[in-house]
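Have a look at the structure below, then the notes.
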Amino acid sequence: MFCKEEEPYEFPENTFGTNELLPNYQQNCTDGEAISDTKSDLAYLEVEITDAHEESNTDKPFTCTECGKTFTRKPNYESHIRAHKGEKPFSCMVCDKAFAWKSNLLVHYSVHSGEKPFSCTECDKTFSNKAQLEKHLRVHTGEKPYSCEQCGKSFAHKCVLDSHQRTHTGDKPFSCTECGKKFSQRGNLHKHLKTHKLDQPHLCAECGKTFSFKSTLLEHQKIHSEIRPLSEFGKTFSDAHNLLKHQSTFTEEQKPFPCTECGEIFSNEHELLTHQSTHTEEQKPFPCTKCWGIFSNEHELRTHQSTHTEGQKSLPSTESGGTFSNEHELLTHQSTHTEEQKHLPCTECGGTFTNEQELLAHQSTHTEEQKPLPCTECGEIFSDEHELLTHQSTHTSPSTEFGVQTTEDNHQSPSKDHTGEKPFSCSECGKSFFYKSVLKDHLVVHTGKKPYHCIECGRSYTHQSSLKSHQRTHTGVKAFSCNLCDKLSIISKLRLHYRVHSGEKPYPCTECDKTFTKKEQLESHYKVHTGEKPYPCQQCGKSFSHKSVLKLHLRTHTGDKPFSCTECGKTFTRKPNYESHLTTHTGKKPFSCTECGKEFAWKRNLEAHYKMHTGEKPFTCTECGKTFTWKSNLRSHYTTVHGISPIQYACTEEDVNVIKTEEGDSFSYMVTLEN
């Protein structure tokens, strides 16, 4: 839309099945004032979309030969056919954009008018059309009408369901134009593109903006091809860039890109993608090279790095005289002085790094479908193959400072990591390797020999390095310390510990997309999906998924309440309940919502409140399948809809089962815990 001094554009009568006009676009830019509509009192075109399913009791004589869908009314059938043919007969008279349905065109016109007449009564956000408002309301109601047929998970919006279903189908429609890697989510592709640390050689001759990729430049140049003469609209500008900057001050309310999670609307796709990252726990592509911290955007990273002040630097470099905060930072710096600098390549994007710490921090940005790789010798787990290969070399010969083997075999094919070639194959199991030395190391697995024995407990190991690592469990020596919090451990546990600081969770659940720091956590979590309950109660026969839950359950038989309040003498079975109770005496509300700032005295209340923002509905009615955000709503539903009046809901667990038992012509119900 351009700033234009002319008569209001009047759409031909009955163009859209109405005699009303769209809000006109008479605007004055000569003084740089904000745009204002001259006929704001005109009625807004509210779009009412009729659902053909309302006439569910009538016949549907119109059948689509392409997909078999049936329709009651011929106009709906004809509109549907256009979706298959790709026809778009309804064009916008302002920007020439075309649509298959008239209703979509009417919705689109609100982009040009800037009006948002539909307000949310819960949070005062406004929207251009009724459909956007209805989608947004699901944030408050928690409604999730779109269910995945594969796993039963529900979603508030169809586009989110479509995105989720790709995790089942494996479809990856978004490809990187630089390296060909494919992704199931557009957001992951955008994050991946940032890993191509390239210069920006592609210059826009119109505005001087530079781009890393030619394709991005070509896409950008389209905005210049639609620019009218710079002096046409009154105010003049020296170049197109300044005109675009000027026009942006008048289009602040025209934001056609809605967030499907919270309903907020943005001016362009980049702003939308940046915002959507705040809703996820996904990868954070900006690692701090000083302390393993990883951040969502460059601004957060720079703010964090300012905490590494000059006053905290006490370790001097013998080469340059510079001082550093910790040993990790000093070693990273010193590696830049050596002539035999080790370039460790990233197998995902080809980037090279000075040391293993930098490489590990970088590789945490490649979280798309990471698969844990175990070392066959000692069981240590790694997140990528290059890291595993580097580790395996420590089982065969002395390693360099960075743990990279320097035998002649390992220098035969320096480009193998980039080509993916694995020329050395095991004749026993067919497994292939990059290096001959790693193959030799692997062959020991098939011999079964374990010549290294622990004199303390008699345990045997294939390699001496594994034995030394094991012996530290007897001596108490912890040779490796975390340079962030001074915790000590063996190297394998130290790597696990670093994930506390980096936030890396390389073990994904294939059932529900949750991720975990440790393999043991993932295995424990799987019991939720399998229903395995290996810990039975000897008193009542009830079984539990985890031993800790069984211990808590046993207190219901013994009556043990070990946690006592010193203020009022009240006792509690569980420590979290005791700690929550203490806040009733202090009046403190230590739990605050990061979304709206509301404070709560108890964590469970905060967690329940969060569901209002996330739309989560974990409580399901076993009678009709309806889901609810809060347990109290489920109880009310059982009573008012199904006539069920449970005697008590005394449990403090998250989930509730209502078991229906048939007794002749009647039914009885029993409320139980879901472990």
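Each residue, glycine too, has its Cβ placed from N, Cα and C.
The following features are taken from Swiss-Prot:
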{"type": "COMPBIAS", "residues": "304-325", "note": "compositional bias 'Polar residues'"}
{"type": "COMPBIAS", "residues": "390-407", "note": "compositional bias 'Polar residues'"}
{"type": "COMPBIAS", "residues": "408-421", "note": "compositional bias 'Basic and acidic residues'"}
{"type": "REGION", "residues": "302-325", "note": "region 'Disordered'"}
{"type": "REGION", "residues": "390-423", "note": "region 'Disordered'"}
{"type": "ZN_FING", "residues": "174-196", "note": "zinc finger"}
{"type": "ZN_FING", "residues": "202-224", "note": "zinc finger"}
{"type": "ZN_FING", "residues": "257-279", "note": "zinc finger"}
{"type": "ZN_FING", "residues": "286-308", "note": "zinc finger"}
{"type": "ZN_FING", "residues": "373-395", "note": "zinc finger"}
{"type": "ZN_FING", "residues": "424-446", "note": "zinc finger"}
{"type": "ZN_FING", "residues": "452-474", "note": "zinc finger"}
{"type": "ZN_FING", "residues": "480-501", "note": "zinc finger"}
{"type": "ZN_FING", "residues": "535-557", "note": "zinc finger"}
{"type": "ZN_FING", "residues": "563-585", "note": "zinc finger"}
{"type": "ZN_FING", "residues": "591-613", "note": "zinc finger"}
{"type": "ZN_FING", "residues": "619-642", "note": "zinc finger"}
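A Cβ distance under 8 Å defines the sequence-distant neighbours of the zinc finger (535-557), meaning residues of its chain 6+ beyond its ends; these are 524, 527-528, 573-574, 675. Along the zinc finger (174-196), the predicted structure has mean pLDDT 78. Under DSSP, residues within the zinc finger (424-446) fall into helix, strand and coil as 11 helix, 4 strand, 8 coil.
Assigned with DSSP, the residues of the zinc finger (174-196) fall into helix, strand and coil as follows: 8 helix, 4 strand, 11 coil.
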